[in-house]
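One structure is given below, encoded as structure tokens.
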Amino acid sequence: MKGLFTALMVSYDKDGEINEKGLREIIRYNLDVTKVDGLYVNGSTGENFMISTEEKKEIFRIVKDEVKDRVKLIAQVGSINLKESLELAKYATDLGYDALSAVTPFYYKFDFEEIKNYYNTIINSVDNKMIIYSIPFLTGVNISIDQFAELFENEKIIGVKFTAGDFYLLERMRKTFPDKLLYAGFDEMLLSAAVLGVDGAIGSTFNVNGQRAREIYELANKGEITKAREIQHETNDFITELLNNGLYQTLKEILKEKGVDAGYCRQPMKELTEEKVEVAKTMAAKYF
Ligand code: NGF
């Protein structure tokens, strides 16, 4: 389960319906062109928090059907509707997903006992493994090192997707949990996380920029920091433009420039203006 995982985009049509053909094209692009080690399905990048349970299942099914066993698959099943998480955990496990992941429950300011019960309930209900999805800047949920230690008492909880810029905490986690899987979640900080010894990374930008991410990660692991830093600089020039123009919409537009039917984002996310579509096209030509 080590390595680089794309946080998979999903193609939606203008009416917000899943475009199965487009989704399959995005998957194949990730397998054949960006060449990542695995896919992280129904995360933030899949616009997961704006779709129904049935749509989540359909995406899990299409991804598994397209990928078969070519790369590892992680199913993000987190929801503040715990019953939905349990249903999705069983569904993805029955399909053969290699691991599950769940975002920390958000919105109601759940206390740690409730968060711990959420993870144990999900993962103890199936024969699978759990990767905690920690993204404090979107959820408002911060987990301390002692709390991670308590969660890891359950051996089925095997790691964390760490989408945060707290490198002190990341370093402490590496030292304290050498046998747990730590994945970097911010692509613009991949080099710094790799230097600290993460086991891999999960990122939205890998849908198009997976090859540069691979170079950064491998150079860092070989100790070739100067070269890795150059590629991180180039990557961050790209990511800065991406964030300014509209993250997911621009990634989809770039995929379209590469011949992939990546579709539109699900409302309430808005479409790019014509001007921003032009910016995305220029970025595609400049970086890919
Ligand atoms: O898109 C976000 C949320 N974060 C992703 C990644 O952590 C999300 C990150 O790649 C993810 O893995 C998922 O789909 O669940 C950023 O998009 C990237 O570093 C640019 O900031 O902000």
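Yeah, the Cβs are placed from backbone N, Cα and C, and that goes for glycine too.
All annotation found in TrEMBL is predicted automatically rather than curated by experts.
The aceneuramate site in TrEMBL is built from SER44, THR45, GLY185, ASP187, GLU188, SER204 plus one of THR34, THR163, THR176, THR226, namely THR163. A 10 Å cutoff on Cβ-Cβ distances gives TYR133 (active site, proton donor) a total of 25 other Cβ atoms nearby, all chains included. Cβ proximity to the aceneuramate site centre (mean Cβ of SER44, THR45, THR163, GLY185, ASP187, GLU188, SER204, cutoff 8 Å) flags the following additional same-chain residues: ALA7, PHE186, ILE202, GLY203, THR205. Geometry remark: SER44 (aceneuramate binding site) versus TYR133 (active site, proton donor), CA distance 10 Å. Within 10 Å of the C-beta of GLY185 (aceneuramate binding site) there are 26 other C-beta atoms, taking all protein chains into account.
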